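Student: A single structure is presented below for examination.
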């Protein structure tokens with residue numbers, strides 16, 4: 001090859017086109033590159049659990065992975081100091097939520113003032129309390145196994161952590177029944193001569209003591225060895241829910257149509273902290289994996305639902321998020337003990353919905369991610385007032401306003417043998433075991 005040919009190659013070769021007025025593509029920031037295609041996508045302003053929204057979100061995640069772009073963080077609101085903070089969770093990879101073709105009848109449940117008359121023991125026994133009677137139904141044998149009776153109407157019921165004893169809240173008193181459905185312990189509320197009703201109950205994680213809340217706003221810490229450990233009038237009106245934390249250190253309390261959540265020390269019932277919201281508290285639940293991580297469901301005055309995640313021992317660690325863009329009420333919220341996922345029962349408050357019965361079950365892994373859902377394009381499911389998980393977390397029992405007890409498949413069955421059951425151990429639990437709930441911290 002001569003000098004002339006090499007010169008011609010140099011003259012014909014194209015130089016890289018560099019324009020000092022146009023920034024090369026590789027130097028553009030990531031957010032700018034993302035906006036070139038994300039702005040062209042039609043924004044969906046519907047519910048975050050709808051199939052259209054989930055399909056669009058999967059498509060955006062696919063584009064992020066294809067172009068090697070990091071997902072954008074949500075816009076931080078002024079009220080959200082912990083915008084990236086969320087509850088611990090091991091979310092599912094695909095949808096499992098479906099009905100298990102088990103529907104039982106709950107007569108007179110629709111007129112029950114307090115809905116928590118359903119529970120599931122560690123022996124796979126479902127109990128439903130109706131009036132003065134309660135009925136036990138075995139999931140293993142798919143048949144009723146026993147029934148019991150109380151002197152007064154039952155307002156709430158709860159199995160102890162081992163599933164051997166059943167705690168029943170009735171008018172003026174609580175009863176503890178054994179495995180044979182026989183009453184072995186009775187304790188009256190400390191409202192003296194005033195007539196009240198036990199509206200909320202919960203066992204401590206060790207099963208040595210329990211807490212009760214009544215219609216006059218009194219909360220009592222009790223055990224089966226002696227009279228109530230401590231009694232306290234906390235609010236005016238009926239108690240909605242009382243929940244003892246997994247480490248047996250706190251008890252969370254909320255009243256009916258109240259705007260406050262109280263955190264008391266357990267079992268001495270000393271006021272520790274409280275959270276005041278501008279919304280009505282509908283339900284609350286402790287996360288099973290944390291020592292004290294509380295989820296709170298609320299309903300605003302304009303009938304918009306929201307949820308709050310709060311660590312009571314960390315005063316400033318709190319995050320609130322609206323649920324849905326429509327008018328929904330959260331009737332119940334539960335954390336799954338196997339995956340840590342949050343399950344919400346939503347009821348549409350819009351009178352203009354095309355279907356008269358519009359209820360949603362939404363499974364969330366964080367504040368803006370729905371991993372499973374039931375309710376879209378389905379009709380006929382009335383308001384779900386309460387729900388409870390099976391001991392292994394794979395099944396779900398719900399009680400509706402149509403007086404139906406429905407069993408759901410929540411997770412696939414785990415057929416592997418669990419050689420050692422994991423337990424949450426802490427010093428407060430040790431003290432609670434040794435002292436039968438008398439420990440004063």
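Placement of Cβ uses the backbone N, Cα and C atoms for every residue, glycine included.
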Student: Give the range, chosen from 355-366, 367-378, 379-390, 391-402, that Swiss-Prot lists as motif 'D-box'.
Tutor: 379-390
Student: So what's the mean pLDDT when you look at the repeat 'WD 2' (149-187)?
Tutor: 94
Student: Within the same chain, where does the motif 'D-box' (379-390) have neighbours whose Cβ lies under 8 angstroms from its own Cβ atoms, ignoring anything closer than 6 residues to its ends? I mean 6 or more beyond.
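Tutor: That would be 109, 115-120, 124, 139, 331-332, 334, 336-337, 343, 345, 347, 355, 357-359, 361, 396-402, 404, 410.
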Student: Mind checking how the repeat 'WD 1' (110-148) divides into helix, strand and coil residues in DSSP?
Tutor: 2 helix, 21 strand, 16 coil
Student: What residues elsewhere in the chain lie close to the repeat 'WD 3' (193-233), defined as a C-beta under 8 angstroms and at least 6 residues from its ends?
Tutor: 114, 116, 155-162, 165, 167, 169-174, 176, 185, 187, 239-244, 246-248, 251, 253, 255-256, 264, 266-269, 424, 429, 432-433, 436-438
